[in-house]
Amino acid sequence: MSTSQESRSGTVAGMVQRHGALGVLVLLLVVGGLAFDTFLTAYNLGNLAVQASFLAVIALGMTMVIVSGGIDLSVGSVYALSGVLAAYSARWGPLAALLVPLAVAAAIGLVQGLLVGKAKLAPFIVTLGGLLFARGLLQFLTDEGGETYLVPRDSAFLQLGQGSVLGIGVPVLIVVLLYVVGGIVLQRTRFGMRLFAIGGGEDAANLMGLSVTSTKVGVYVLSATLAGLAGAMNAAQLGSGVTVIGVGLELNAIAAVVIGGTLLTGGMGSVSGTLAGVALLFVIQDLINQVGGFNSNLQAVVSGAVLVTVVVLQTLLSRARR
Amino acid sequence: MSELVTAGVRPGSRAHLVGLARDYGVYVALGLLVLVNLVITPNFLSVDNLRTQAVQVVPVLVVALGMALVIGTKGVDLSVGSVMALATAMLPMYLGYGPVVAVVICLAVGAAAGLLNGSLVAFIGVQPIVATLALLVGGRGLALVISGGQLREVRNPEIRELGAGSVFGVPYTVLVAVVLVVLVALLVGRTTGGRQLVAVGGNPRAAEFAGLPVKRVLLGVYVIAGVLAAVAGVLATARLTASDPSRLGELIELSAITAVVVGGTPLTGGRVRVLGTVAGAVLMQLITATLIKNDVPASVAQMAQALIIVAAVLVQRERNSS
């Protein structure tokens, strides 16, 4: 910041880092729209948005955890477990189908949060334990994965995943609502400020007298509950509790968050960037599908290459800012 | 550093006992588990059973050796499972040139993968989780593209002998693992590189100021982890007598990280416990085997594993925070 020249180049680099995902997303949408007739249609985009909504909900919680300097590896398992619980509980009515998975997910988040916040264990290991535990519990509840519970066909719970209002899918509306609230929470509330402070420097946050422990507990409860909600939404969309989903989903969520410009080291990030990151992942996948002739294996290769490119650019940009 | 701390502690005091628990806990737990098994599991000490357990633990153990080095530098390598698949996808393709050439090519692919990971971490400064996440996603995709997504039988007699044969009753795969343990232990304990590794993990900036080749150490560690993953892939493929790029090494990164952490290597870096890692891998293997042999469902075994991981880091907490 010593000269105006430096600060200007710093600002440009910072802007690219924070809004790069959005820029690439817009670019891809334009290119995709020009190249494929079936791409920029309301039908295709609507479909894509519903598919992306589950990851979007999970990535919102992941953003907050990562801003606080932590990580949550358990979300994929909690997502799958919650889907099974929702499908099972749907026999007791739609409210139970929603609340049972949310309560169990929140409880898992609470234990993880206490282990991270109070016992000061490494988030990576605690949530790795959570990943294994939730997946084990899922297997246990489904007769070692052999049982698939179905949501009753007339259950109002199905609307959570299959319904639409004014042509927009309910899952998409939930995502929009959650991201507006999430953005306000992160940018405009004390909780959000504390997350940034803890991620920026935990010792400093402690010295400032911020309630580090309760904030950390809160953020892991939040992340797990959102994963639970995503699982319930998915069960409502599929009409059943599929046991094999969600493996590796935590990594997709982390990738979306990182692509969206949130630093893994904590202390910096935005939910809008994450939303752009999630959308980018799905648009890339859809464009590869549109090109056709590629198999799904090549998609994984492309995703990996995109991830490397983005993080290398981001790391170089954030270094240029310093 | 913990040696210094322990040195100033009164023998028999609570702090002393905690120190002992974290340093030798994994061996005590392993000893207890063996005793319990002697009582409750029929034929536990039979040569057949011991051999089965040893053979089963080999791939995780070999991967965990590399993981211990990476974690010693405060990093993590999520890509090991995909590297196993990618490296061994080469095996059936090059067996025509003889088993030695084919295996060397596998190891070279592992080294190249490590070079990619290491370059991202050392030269660009990408966070290890994200740097290796890219290869986790892309590596398996590439393995499937190369192999055409097919499981391929390995008919080469030498490779089959490597997987099934033994000398004086000790399977070849176990012998390879033992040799690798000795080599890695020597590397960490007796070489300049090993001391540099610990210094880099303990405090990268101090190591840099002290003139240590930090980047070269980081690069080397990821290359070793990649090669060891390839070795684990070859051993597992030899035992299965088939190359299975879609399943081989799936989620092995989690088992390997678990073995390392349970074995007493802190995730915060600066310390590598090679024998502890061996004990950690054997302990986790025996726990699963014990539970399953005594008719406990796999799901419950997995939940037990999760609790043990968290318990292990709880015991080690004081070292991690110091």
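Glycine is treated like the rest: Cβ placed from N, Cα and C.
Look at TrEMBL and you will find B:24-45 (among others) tagged as transmembrane segment. Sequence-distant contacts of the transmembrane segment (B:24-45) (same chain, six or more residues past either end, CB-CB distance under 8 Å): 262-264, 276, 279-280, 282-283, 286-287, 290, 293-294, 312, 315-316.
The transmembrane segment annotation in TrEMBL covers B:57-76 (among others). If you look at the transmembrane segment (B:57-76), the same-chain residues 6 or more away from its ends with a CB under 8 A from one of its CBs are 84, 121, 128-129, 132, 173-174, 176-177, 180-181, 184, 187-188, 197-198, 200-201, 204, 217-218, 221-222, 224-229, 231-233, 235-236, 249, 252-253, 255-257, 259-261, 263, 265-274, 277-278, 280-282, 284-285.
Sequence-distant contacts of the transmembrane segment (B:96-116) (same chain, six or more residues past either end, CB-CB distance under 8 Å): 79, 83, 86-88, 90, 135, 139, 156, 158-159, 219, 222-231, 233-234. Here TrEMBL flags B:96-116 (among others) as transmembrane segment.
Here TrEMBL flags B:169-188 (among others) as transmembrane segment. For the transmembrane segment (B:169-188), same-chain residues at least 6 beyond its ends with a Cβ under 8 Å from one of its own Cβ atoms are 47, 51, 54-55, 58, 61-62, 65, 68-69, 72, 161-163, 194, 197-198, 228, 231, 235, 238-239, 272, 274-275, 278.
Taken from TrEMBL, the feature transmembrane segment covers B:217-236 (among others).
Feature annotation from TrEMBL assigns transmembrane segment to B:298-315 (among others).
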